[in-house]
Amino acid sequence: MAMNALAATNRNFRHAARILGLDSKLEKSLLIPFREIKVECTIPKDDGTLVSYVGFRVQHDNSRGPMKGGIRYHPEVDPDEVNALAQLMTWKTAVADIPYGGAKGGIGCMPGDLSTSELERLTRVFTQKIHDLIGVNMDVPAPDMGTNAQTMAWILDEYSKFHGHSPAVVTGKPIDLGGSLGRDAATGRGVVYATEALLAEHGQSIKDLTFAIQGFGNVGSWSARLIHERGGKVIAVSDITGAVKNPNGIDILSLLNHKEATGSLNNFDGGDAMDPNELLVEDCDVLIPCALGGVLNRENAEKVRAKFIIEAANHPTDPEADEILSKKGVVVLPDIYANSGGVTVSYFEWVQNIQGFMWDEEKVNKELHRYMTRAFGSIKNMCQMHNCSLRMGAFTLAVNRVARATVLRGWEA
């Protein structure tokens, strides 16, 4: 999957550059990361023996502002994949029109095999090694696979030892240390706002449609809950534990309680068990993949019955599936826009920290709605101008914004 996402991102970028008629030297320059950092992190384990890990950070582009992106703790950290993800953050922040460029990083380790105190030591050593290469106006990390609000708290504390109290150096912090209200639900809420914008364009609304949701983690469960609140019928839900369907609509709050209590979607009495693999081809109006990449491919794309696909996951549709779906007239709302609610509210967190003035949750959600709705309008404009798909509309919008910023700054110098 790693190469796949990388290849797709590069291909989408090149296609967008062609549509925009970018200078070939500029096109090359936009792909080259601003900086790649690799550091050795040695810590004493709880038993006193020393162990070394490799920490890294790819900073892709800073033409529109400081770089932004997650830090993952994961054993297979493939440099190509990290590069692709850093690049993807550059385009995602540009689509959302927030003043950042892309970055991505992490440490090659098995977080599950480390104690909390070992993780804390590792995080602090990593921060010591990169503290002069991140910062409020340089690069602002966030949580990703294997990291969370506690990890951000440790980075903030360690960074502040060198630079004074700097809550805006990371986002996704605990509320007590300057985290933003509404951050937890932000990606799922953004998915719903994006869906509303798309449906409005087609003269439809959530309350009249049926939804199938793959993945019931943070993004999937918030999306489901908010669709349910708006009167949409969620008729099928799946995750790694199993799948549930109910053609009359699942009561999402009951399902959330059931999953909370039992740890799985199985044996839920508000619907029937189904084969999780069937979810993607379930008869519904809107399909929302919120789990893994590459789930829609040439094997199953032909059988998809939804009219709209909202890419809440990163890269759920592979390029072959894209082509098949487009021929079938299925509208695909691309990940680079659909799941940008998370990074948008991270930006709000950073803004609040810099101002030293926190917003209430209503303000966070209202601003998120404004950003998501405005971005959809900008994407639509590009689609009309270049007569292209929503995915290419989003990519041309992003690449154009970054290219313009780069040229305005005098990129040859």
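Glycine residues also receive a Cβ, built from the backbone N, Cα and C atoms like all the rest.
Whatever TrEMBL says is automated annotation, not expert-curated.
Here's what TrEMBL has on this protein:
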- LYS68, LYS92, SER346: substrate binding site (BINDING)
- LYS104: active site, proton donor (ACT_SITE)
- ASP144: site 'Important for catalysis' (SITE)
- THR187, ASN218: NAD(+) binding site (BINDING)
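Recorded features from TrEMBL, shown on the structure.
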residue : record                    : Cβ contacts under 8 Å, 6 or more apart
LYS68   : substrate binding site    : MET89, THR93, TYR100, GLY101, GLY102, ALA103, ASP139, VAL140, ALA142, THR171, VAL343, SER346, TYR347
LYS92   : substrate binding site    : GLY102, ILE336, SER340, VAL343, ALA398
LYS104  : active site, proton donor : ARG57, VAL58, HIS60, GLY69, GLY70, ARG72, VAL82, ASN83, LEU85, ALA86, MET89, ASP144
THR187  : NAD(+) binding site       : ASN218, VAL219, TRP222, ALA312, ASN339, GLY341, GLY342
Can you list the residues of the same chain, besides LYS68, LYS92, SER346, whose Cβ falls within 8 Å of the substrate site's Cβ centroid? GLY69, MET89, THR93, ALA96, ILE98, TYR100, GLY102, ALA142, SER340, GLY342, VAL343, THR344, TYR347
Among ASN218, SER346, which are binding-site residues, the residue with the most C-beta atoms within 10 angstroms of its C-beta: SER346
Whole number in angstrom, please: the longest C-alpha to C-alpha distance across LYS68, LYS92, SER346 for substrate. 13
How many neighbouring Cβ atoms, not counting its own, are there within 10 Å of the Cβ of ASP144 (site 'Important for catalysis')? 19
